[in-house]
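In what follows, a structure is listed as structure tokens, so that the remarks can point back to it.
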Ligand SMILES: Nc1ncnc2c1ncn2[C@@H]1O[C@H](COP(=O)(O)OP(=O)(O)OP(=O)(O)O)[C@@H](O)[C@H]1O
């Protein structure tokens with residue numbers, strides 16, 4: 001019945017779309033209206049396709065024979081007074097599906113989990129929430145245990161899937177927590193932090209659509225591989241307009257993928273770079289040590305240091321940014337030069353109009369412009385940093401208080417690629433420099449405002465204001481004035497997410513950061529600028545921090561921005577790693593931070609992790625083991641996690657010897673077998689994992705223990721450790 005309803009709605013939308021597309025538009029106004037309707041219909045069709053799989057996954061039976069189906073979107077009986085046929089999982093009425101327990105049934109008599117494959121029901125699992133008749137053998141606290149265990153035991157595909165059907169109580173409370181303020185979700189590996197973060201994005205967009213559609217939601221992940229891994233979750237929940245990004249992509253026009261040393265990344269991540277950049281900008285506002293000559297109109301004018309110093313002082317005291325203060329500096333210098341020209345011509349013979357002409361000619365003169373550029377150049381952030389990093393003298397001027405070895409860390413070739421740690425510096429520089437082309441920006445903003453006003457008018461006329469039941473999807477839920485305005489600017493057909501991606505100064509309605517412990521202090525500054533409302537969800541695990549510039553405590557990372565006004569919630573159950581593997585990982589956690597409790601595994605597999613000391617070449621044996629594991633896991637996935645330096649060599653060996661293995665460069669996660677560094681494996685999971693040379697992984701970075709902890713907790717079923725070097729003591733004891 002529900003699928004028939006879905007088909008009917010899809011049919012209506014498709015017919016509607018072809019009808020409006022077939023209309024001949026006689027005038028501009030009509031053309032616009034047609035385009036609006038077309039975009040509403042296409043958004044609907046996309047949403048209906050997104051919810052096809054697992055449309056309905058639950059049923060709640062209440063006292064008095066009533067029941068309610070729960071699914072991926074709300075469906076209503078239009079003929080029957082809009083009775084809900086299927087309740088959106090995010091609606092308040094669906095909450096008992098996730099929260100009701102035998103002890104607190106909230107009116108629910110029975111909870112039914114419905115599993116489907118395409119449109120066929122393949123399994124149902126009932127829980128009776130009545131203490132008198134409930135099965136006492138059931139594990140306490142797990143909702144829909146058998147559906148949950150079926151999901152957890154299923155082979156992984158290389159793409160994360162959604163968990164709407166089996167969200168657990170502690171996760172649900174986080175997903176539905178209010179929009180405002182900073183919420184930190186701390187949890188060990190496999191506790192569902194990523195899953196919770198993404199479902200929270202979908203929940204917030206549903207519940208606060210009006211507030212969020214305009215400013216959008218940003219989901220920030222640690223690296224592009226991870227973004228590919230999670231990329232399908234939000235679309236499967238019917239949400240496509242969320243910006244997924246890494247720090248390296250947050251500066252428009254730049255895709256920062258360069259690599260650099262741990263020491264350089266650490267320095268660039270520290271807030272001391274704020275002073276360095278300010279000094280680097282100040283260093284570009286020059287005062288010559290002796291007078292400089294400026295040829296103009298076959299004469300030579302002189303600019304002495306004192307005049308330049310006064311002009312600089314005047315510009316700086318305006319408190320404007322470097323680029324925005326430049327016109328003041330230019331005016332001062334041009335006036336000083338004009339006075340010299342006037343004096344030579346005989347000032348008493350000139351009136352104000354003559355002086356204005358002289359100033360204009362001076363401003364347009366190439367030599368005067370070249371002098372001004374030397375004294376106070378108009379700078380883009382890219383130019384500032386490129387000029388700084390290539391020139392030891394500039395670095396020395398900007399880093400007077402730093403030891404020489406630290407200064408050398410910044411030095412690099414001007415052609416070197418941008419690195420992720422450069423992005424917060426570019427952003428900081430953009431703040432210090434101000435608009436490179438202020439007039440163009442103002443013009444653009446004015447046009448944008450006009451377009452939005454117009455679009456709002458169109459929406460009002462179409463009477464699409466959503467004063468109806470919040471569970472019924474309205475046109476304005478899908479389309480706001482921003483998006484509408486953009487759709488009709490032929491040059492910029494962007495969604496909110498695309499617009500946000502293209503605009504450095506965009507501020508988001510809500511920001512979600514996954515693996516938030518990895519952000520450097522400079523990255524936090526950038527992020528806080530993008531979210532002045534401080535409506536944020538930060539998920540992570542301070543025991544998994546790999547980068548030396550990352551945080552080991554939430555309070556020190558957040559204190560500068562929100563003081564102690566943030567709330568922390570913890571996830572305690574590990575849904576990924578079976579207890580046998582977690583027992584080994586827990587030993588590492590105790591060394592990393594004895595105060596952090598290891599998450600409790602939700603299941604056992606009966607398979608103990610294994611270790612093997614190799615006498616011959618590592619790669620040969622790894623290839624053999626990878627081939628065997630790949631067969632053993634059938635349809636599932638295998639990751640071979642090796643020290644960063646060996647990823648390339650070992651990855652290529654495995655790719656050439658094991659069927660269905662991906663090459664190591666830019667790993668394809670849909671391949672069944674991948675070779676990764678710990679950094680690349682962060683946030684991911686595989687049915688089986690082989691970890692090679694733990695001692696080298698440990699020694700590779702200042703946070704080696706954390707890295708090894710991450711590597712050991714990626715498996716959902718099987719874990720093997722192979723080594724030629726002696727094992728680190730913490731693993732040797734676990735043998
Ligand atoms: N309620 C749930 N129902 C079904 N599967 C779940 C549930 N919660 C978590 N999982 C699964 O557990 C696995 C781990 O979840 P996730 O990757 O979100 O954990 P994490 O806390 O981000 O881990 P890490 O810190 O190691 O990256 C995923 O496969 C996820 O789908």
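Using N, Cα and C of the backbone, Cβ positions are placed for all residues, glycine too.
Annotated in TrEMBL:
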type	residues	note
DOMAIN	166-578	domain 'UvrD-like helicase ATP-binding'
BINDING	187, 188, 189, 190, 191, 192, 193, 194	ATP binding site
Over the domain 'UvrD-like helicase ATP-binding' (166-578), what does the predicted model average in pLDDT?
87
Taking 10 A as the limit, how many CB atoms besides its own sit near the CB of residue 192 (ATP binding site)?
25
Cβ neighbours within the same chain of residue 187 (ATP binding site) - under 8 Å, at least six residues apart:
193, 539, 541, 570, 571, 572, 599
Can you count the other CB atoms that lie within 10 A of the CB of residue 193 (ATP binding site)?
25
Check the DSSP secondary structure of residue 193 (ATP binding site), expressed as helix, strand or coil.
helix
Check residue 188 (ATP binding site) against DSSP and tell me helix, strand or coil, would you?
coil
Would you count the other C-beta atoms found within 10 angstroms of the C-beta of residue 190 (ATP binding site) for me?
27
List, in sequence order, the residues of the same chain other than 187, 188, 189, 190, 191, 192, 193, 194 whose Cβ lies within 8 Å of the centroid of the Cβ atoms of the recorded ATP site.
541, 571, 574, 575, 576, 599
Test of understanding: give the count of other CB atoms lying within 10 angstroms of the CB of residue 189 (ATP binding site).
25
Which ones in the same chain are close to residue 188 (ATP binding site), with CB under 8 Å and 6+ residues apart in sequence?
541, 543, 571, 572, 574, 589, 596, 597, 598, 599, 713
